[in-house]
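A.B. asks: These came from Swiss-Prot, pasted as-is:
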{"type": "MOD_RES", "residues": "52", "note": "phosphoserine"}
{"type": "COMPBIAS", "residues": "82-93", "note": "compositional bias 'Basic and acidic residues'"}
{"type": "REGION", "residues": "82-124", "note": "region 'Disordered'"}
{"type": "COMPBIAS", "residues": "108-124", "note": "compositional bias 'Polar residues'"}
{"type": "MOD_RES", "residues": "116", "note": "phosphoserine"}
{"type": "MOD_RES", "residues": "118", "note": "phosphoserine"}
{"type": "ZN_FING", "residues": "263-303", "note": "zinc finger"}
{"type": "ZN_FING", "residues": "300-392", "note": "zinc finger"}
{"type": "BINDING", "residues": "316, 319, 336, 343", "note": "Zn(2+) 1 binding site"}
{"type": "BINDING", "residues": "328, 331, 347, 353", "note": "Zn(2+) 2 binding site"}
{"type": "COILED", "residues": "430-536", "note": "coiled coil"}
{"type": "REGION", "residues": "563-591", "note": "region 'Disordered'"}
{"type": "COMPBIAS", "residues": "581-591", "note": "compositional bias 'Basic residues'"}
């Protein structure tokens, strides 16, 4: 036998206090609180990520629908042993101070006189108003069931916490304690939760171990609370109990969980095992059996007048059309059908609210099972779909029911074959996906190795780049310096060339002047040499004459020089005389 575990989520308003010791998880030993919270809010975080504050508020309001937050009263009752242990632990630290104070007071009473009674009164007296075990919070209680069934075998982990879904309000806390009295020794704590649902409350019972919870489940599940009333104890295993704020996305859908509506007549949760769900136009849901016992046309809860025709005020919340409307049985959202704009189906995709009812004929559609569930119920023994027992007496209605049942059987068989086909296809896809994942992992490892090698190479190249940049900077500095020096040298060369031209012109002029000066000097030297020769000749002649006798000198002084004609050659005898005369003439010129 298998059961579905439930998840209880308390969605609180922003200003509401958080109840103490409400959180629980059957997988607490396997996962930490942070991991559990992260897994719980994964879909909500993914849905709200990257949205603005206005968009987040709109999404949260869309999933809340017409549900309103009310006061939820939580009464906690702990085991007696725990209370005794807590009391002892509270008294232990104060035992020594009390004894010391008493001894100090006794010693003071011996040494001093007793004081007046007014002085012995304490300055401050502590007191507590109200019941400390009762907490009042403001929010909405959500009940989810897991899509995966859990076996009731002993070796399968389930939970150490059970939930009594519907306890009648006629049962007081004292009556409830009597009901669970045989298991008082193994119960750690009980939490009685009262919300806006009238005439009932819910109880969370935490046991010491899962074996104790299994014993209580086997003994009390389906058992009447007392022999007078017909109400029975409906127990479910609690996989997780959590408290979340509304702004964190507590009303958003949770992966692998389905939120269950409840019948407002019998106050029982409406699971797929209890089909025939009907929701009136005033947004109250009932079991088909509960509503059939109501002969009036008004709503059993609010006395709203029901009519078979669609109300004109009803319209799609998205596009505003008033035909082919479907109402969500979880939050009351009204959307158009798949033949208009598919807003009802889009609401299911966004919120995972499974059941929707057509407003015109009250037919209920299950989006998860993809079939109608308003005329079919599931047998509790074998789980097969059986015909809903209609109380109508007309033959026409029986024929219609038979046709509907036949169509449902045909649809079920076809869906079963489709399920097998798609499951096989999913297996093949999973196999191919696993191979692709392995290939991608291999490629990923290779890519990681390449990235590591490229990173090493990149680091080396960066170092080389830095060294080259430093060298380039140095070379640029040197080039700039050399360019400056080259400019200076070019300017200097230009100046030198200009000076060279000036000097060359001056040199030419100096050479020309030197030549003229040299020519003049040569002429002067020639004249001076001739004069010097004449002087030397004169001096030599004078010396020679000075050595001659006096008569000769006188003869020379008185002698005359005659210049003969050049045509007749001179006789040899006159040669000496000619020479003598020329010398005399020179000597005279010299004198």
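Every residue gets a Cβ built from N, Cα and C, even glycine.
Please situate the listed features within the shown structure.
C.D. replies: If you take the C-beta of residue 52 (phosphoserine) and look for same-chain residues 6 or more apart in sequence within under 8 angstroms, you find none.
When pLDDT values are averaged over the zinc finger (263-303), the model yields 65.
Under the three-state DSSP scheme, residue 316 (Zn(2+) 1 binding site) falls in the coil class. Sequence-distant contacts of residue 316 (Zn(2+) 1 binding site), defined by Cβ-Cβ distance under 8 angstroms and a gap of at least six in the same chain, are 322, 325, 334, 335, 336, 340, 341, 343.
Residue environment of residue 328 (Zn(2+) 2 binding site) contains 24 other Cβ atoms, counted within 10 Å of its Cβ in all protein chains.
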A.B. asks: With residue 319 (Zn(2+) 1 binding site) as the reference Cα, tell me which of the binding-site residues 328, 331, 347, 353 is the closest one.
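C.D. replies: Its closest listed neighbour, by Cα, is 347.
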A.B. asks: If you count CB neighbours within 10 Å, which one among the binding-site residues 343, 347, 353 has the smallest count?
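C.D. replies: With the binding-site residues 343, 347, 353, fewest surrounding Cβ atoms within 10 Å: 343.
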A.B. asks: Would you mind listing, in sequence order, the residues at least six apart from residue 331 (Zn(2+) 2 binding site) in the same chain with a Cβ closer than 8 Å to its Cβ?
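C.D. replies: Expected: 63, 64, 65, 66, 67, 351, 353.
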A.B. asks: Please classify the secondary structure at residue 52 (phosphoserine) using three-state DSSP.
C.D. replies: coil
A.B. asks: For the binding-site residues 319, 336, which one has the sparsest Cβ surroundings, going by other Cβ atoms within 10 Å?
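C.D. replies: If we count Cβ atoms within 10 Å for the binding-site residues 319, 336, the smallest count is at 319.
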A.B. asks: Going by DSSP, give the three-state secondary structure for residue 328 (Zn(2+) 2 binding site).
C.D. replies: strand
A.B. asks: Can you list the residues of the same chain, besides 316, 319, 336, 343, whose Cβ falls within 8 Å of the Zn(2+) 1 site's Cβ centroid?
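C.D. replies: Filtered neighbour residues, in order: 315, 317, 318, 320, 321, 325, 335, 340, 341, 342, 344.
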